[in-house]
Amino acid sequence: MIDLYVTRSSSDEDEGVQPHEKAIAAGQANPLYCVRNIEQHAFGRREIEIAEQEMPGIMALKARAKEDKPLKDAKIVGCTHINAQTAVLIETLAALGATVRWAACNIYSTQNEVAAALAHAGYAIFAWRGESEEAFWWCIDQCCAPTATWQPNMILDDGGDATHLMLKKHSAAFKHIKGIVEESVTGVHRLYQLSKANKLCVPAMNVNDSVTKTKFDNLYSCRESIIDALKRSTDLMFGGKQSVVCGYGEVGKGCCQALKALGCVVYVTEIDPICALQAAMDGFRVVKLNEVIRQVDIVITATGNKGVVTREHMERMKNGCVVCNMGHSNTEIDVHALRTPDLLWERVRSQVDHIIWPNGKRIVLLAEGRLANLCCSSLPSFVVSVTAATQALALIELYNAPQHRYKADVYLLPKKMDEYVASLHLPTFDAHLTELTDEQAKYLGLNKVGPFKPNYYRY
């Protein structure tokens, strides 16, 4: 028997009760959904409608493709952040013919009211803000586990957790999977590791390194959201502050540009000499973290690595230093090393902890080292529209591809699709593309309708 389950809580931060616990206690093995408070659905629907107004690309794709139903009979496991922008993507995939089951890739980024709105609309949503570690994996398993009525054939992942759990717990189900779409640095790294070890048994699309994701989501989105996240959580004044950004990829570049524009002194740490040279040419001093850790006011990680900021670093930080992560995983800052008897944790507001040393020194840790900007729900919907459209097209491509077009390996999104995503968003700016003449196209060796750049072109 399939049941639904929901906790009706008056508190958005009711971390003492995990909704799935009551479902398990009641013997409800296969609930239709599990969210914090279904009664918040009207508020969530309002958030979704607001997001739709700023997501022209994904809405245009929905309008153009809903008659053709390119995802008809697709059964998609989704494991991403669940917010108003993701809801627009989920409802677009459904309009294109897919059935979805969705869990959160981050225990703190879920907008409870949006999860409620999706559940109320009939979608299988398993997520709430403040999930426990056990609840996190339970929710993903509710999406991945095959049942009499559910056999997934596509995965849309952000961080690789759904792929990881399915390989570990439901490996036999991969014979039905047509492909994986992954949007984060961490998840893509895990896919390449699987491929190298010959453990990747289906094609996977690396959306993170597509031009539209890299340039627009990673750079332009983070350039705005890092400031909003820091302002909302700490009320910082940026002018004159000293900050260090660990990593000068697209996310790091966006963070540095934003901080510099508001008058911060910005340092950069890098392992890659090319990225380091870019940082230097952009006017940032490239340092080792130990060289500046005593003097900086803000530390931001954006590397996709682990152990970037250690307990030793945090011991040397000045009083009041703000520490946050803009990478996907919570491993960049060694938060585990701070959970010792000699340190006091004080929750001062939602997603903001003061870590207090015996001598009274304290540092400010955002989101327990998890993704800072999403935990503050500070995402520009327009930029997410670019990423959402890219994800949708990647799913359509893998789902409809002839059997032998893609092998069990990791692929980049075809350039033609990158260009199509960009074209969906140009009308917002009343932008008019110049068209090549036949003679010009012949001279450049291009098709008049694209693609206009080779795959190796660096935008």
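Backbone N, Cα and C define each Cβ position, glycine as well.
Here is what TrEMBL records for this protein:
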- G249, E250, V251, G252, K253, G254, E270, N373: NAD(+) binding site (BINDING)
- 218-379: domain 'S-adenosyl-L-homocysteine hydrolase NAD binding' (DOMAIN)
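Shown here: features listed in TrEMBL, placed on the structure.
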residue : record              : DSSP class
G249    : NAD(+) binding site : coil
G254    : NAD(+) binding site : helix
E270    : NAD(+) binding site : coil
N373    : NAD(+) binding site : helix
Residues near V251 (NAD(+) binding site) in space but at least six apart in sequence (CB under 8 A): N218, L219, C222, A302, M326, G327
Confidence summary for the domain 'S-adenosyl-L-homocysteine hydrolase NAD binding' (218-379), mean pLDDT rounded: 94
Spatial neighbours of E250 (NAD(+) binding site) that are distant in sequence (at least 6 apart) but have CB under 8 A: T214, K215, N218, L219, C222
Local Cβ density at E270 (NAD(+) binding site) - other Cβ atoms counted within 10 Å: 23
Neighbourhood of G249 (NAD(+) binding site) by C-beta distance under 8 A, where only residues 6 or more apart in the same chain count: V185, N218, C275, A302, T303, G304
Among G252, G254, the one of these binding-site residues whose Cβ has the fewest neighbouring Cβ atoms within 10 Å: G254
Binding-site residues compared (K253, N373) - highest count of Cβ atoms within 10 Å: N373
